[in-house]
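Chemist: Pulled these features from TrEMBL for this protein:
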- 49-59: compositional bias 'Acidic residues' (COMPBIAS)
- 101-273: domain 'Yip1' (DOMAIN)
- 27-61: region 'Disordered' (REGION)
- 120-141: transmembrane segment (TRANSMEM)
- 161-185: transmembrane segment (TRANSMEM)
- 197-222: transmembrane segment (TRANSMEM)
- 228-250: transmembrane segment (TRANSMEM)
- 257-281: transmembrane segment (TRANSMEM)
């Protein structure tokens with residue numbers, strides 16, 4: 001007949017010996033279910049969505065940033081309300097400019113640079129600098145093209161400043177406003193559509209125009225081939241920033257609507273760049289007036305034609 005000691009499990013004896021040797025050891029009860037790591041649980045729950053959340057900025061880290069950086073918003077009629085839109089330092093502005101000139105494939109511009117602190121300081125000064133750069137470069141280009149022609153008299157065209165300002169600022173504000181309204185409308189139709197804030201969209205469009213400042217300076221070169229190569233290069237850089245920012249937000253929508261939205265964004269951006277080049281730098285040459293030949297009547301009824309030199 002087996003004794004009581006023979007019925008004991010050897011594993012329990014080993015566990016007791018280990019606990020006696022190390023009392024601070026951590027034990028796990030078989031009654032408690034094993035805890036699944038959060039990242040493994042999210043992967044099992046929604047496979048393939050982790051990358052989308054990172055691109056769109058909708059993961060838990062955004063919630064942490066928002067909760068950690070909550071600010072009391074002042075009334076819109078106060079100066080403090082608008083001061084928050086310009087609360088950036090030089091390093092942030094330079095970092096965002098660098099991100100707009102050297103876009104990283106697969107990275108969202110809003111997620112990397114804008115979402116933590118969207119601003120209007122950079123977009124405003126970029127648009128203002130671009131306005132004067134296009135106007136001054138357009139006048140200099142016209143001067144160099146007709147330099148040396150005896151019938152050409154240089155007259156500064158100050159109206160180019162107002163035309164450039166109207167075009168650039170209208171594009172940098174009205175297009176983001178229309179896009180923001182469209183994303184809000186699609187967000188009410190489709191649950192997966194991510195709607196950026198109006199300030200974030202304005203910020204993206206403003207910083208995407210920075211590459212045209214050095215391009216407008218190089219447009220002074222009186223060679224059409226060089227100018228069109230520069231405009232295509234700038235269009236690819238700035239357009240890629242817009243596409244990589246807004247494509248992750250609309251790709252879960254209807255396929256045709258998503259492609260049409262991105263196509264409209266690229267088309268409007270191309271119209272701006274090509275229109276500025278065609279109007280301010282490739283304008284048709286003016287028809288210079290031909291010197292008139294004065295006709296002097298003679299006293300005897302005949303006419304004398306004199307040539308002007």
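Numbers here mean position along the shown chain, with the first residue as 1.
The backbone N, Cα and C atoms fix where each Cβ goes, glycine too.
Annotations in TrEMBL come from automatic prediction, not curation.
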Chemist: Of the stretches 120-141, 161-185, 197-222, 257-281, which racks up the most C-beta pairs under 8 Å with the transmembrane segment (228-250)?
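Modeler: Selected stretch: 257-281, with the most Cβ pairs under 8 Å.
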Chemist: Should anything in the same chain at least six residues away from the transmembrane segment (257-281) have a Cβ under 8 Å from its Cβ atoms, list it; otherwise answer none.
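Modeler: Hits for the transmembrane segment (257-281): 134-135, 137-138, 141, 160, 163-164, 167, 171, 175, 179, 182, 186, 208, 212, 216, 219, 227-228, 231, 234-235, 238-239, 242-243, 246-247, 250-251.
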Chemist: Who are the long-range neighbours of the transmembrane segment (120-141) in its own chain, taking Cβ under 8 Å and residues 6 or more past its ends?
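Modeler: Residues 85-86, 88, 93, 96-97, 156-157, 160-161, 164-165, 168-169, 172, 199, 202-203, 205-207, 209-210, 212-213, 216-217, 219-220, 222, 276, 280-281 contact the transmembrane segment (120-141) from elsewhere in the chain.
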Chemist: For the domain 'Yip1' (101-273), report the average pLDDT of the model, please.
Modeler: 89
